[in-house]
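Taken verbatim from TrEMBL:
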{"type": "BINDING", "residues": "Gly71, Thr74", "note": "Na(+) binding site"}
{"type": "TRANSMEM", "residues": "6-26", "note": "transmembrane segment"}
{"type": "TRANSMEM", "residues": "38-58", "note": "transmembrane segment"}
{"type": "TRANSMEM", "residues": "64-84", "note": "transmembrane segment"}
{"type": "TRANSMEM", "residues": "96-117", "note": "transmembrane segment"}
Amino acid sequence: MTQFFLVMLGGGIGAVIRAFVTNFFNNRINSTYPIATLVVNILGSFLIGLCMGLTLNVTWINTFLIVGILGGLTTFSTLSSELVQMLTPNKQIFHFIIYSILQYVVAFISCLLGYFMI
């Protein structure tokens, strides 16, 4: 039961951080790409890799920090909906491909860099 509470609390914190980051970027940057989602996914992936590299073997810290906060910060549901919006109705295939590559490749590399920084 404690793990569920930690995930719920951490996830809420991560979602609030994501909302602040989204509002910050949406109010300051006008871009074809949803920059805020890119930022939270790359930053979150890097921090997840960093935590993994630290080999935090304390279950409640992993649950609260990685699954909760960083899981709430990063978002595949928003990413998926943004990719669908690029394909319909305008069929922006080029933007879809570039944004997909940025999200998946750069987020993976960020996680890897975070992991090996330690």
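Each residue, glycine too, has its Cβ placed from N, Cα and C.
A C-beta separation below 8 Å, combined with a sequence spacing of at least six in one chain, links Thr74 (Na(+) binding site) to Gly14, Arg18, Val40, Asn41, Gly44, Ser45, Ile48, Ala107.
Put simply, of 6-26, 64-84, 96-117, the stretch with the most CB pairs closer than 8 A to the transmembrane segment (38-58) is 96-117.
In the structure as shown, the Cβ atom of Gly71 (Na(+) binding site) sits within 10 Å of 19 other Cβ atoms. Thr74 (Na(+) binding site) falls outside any helix or strand according to DSSP and counts as coil.
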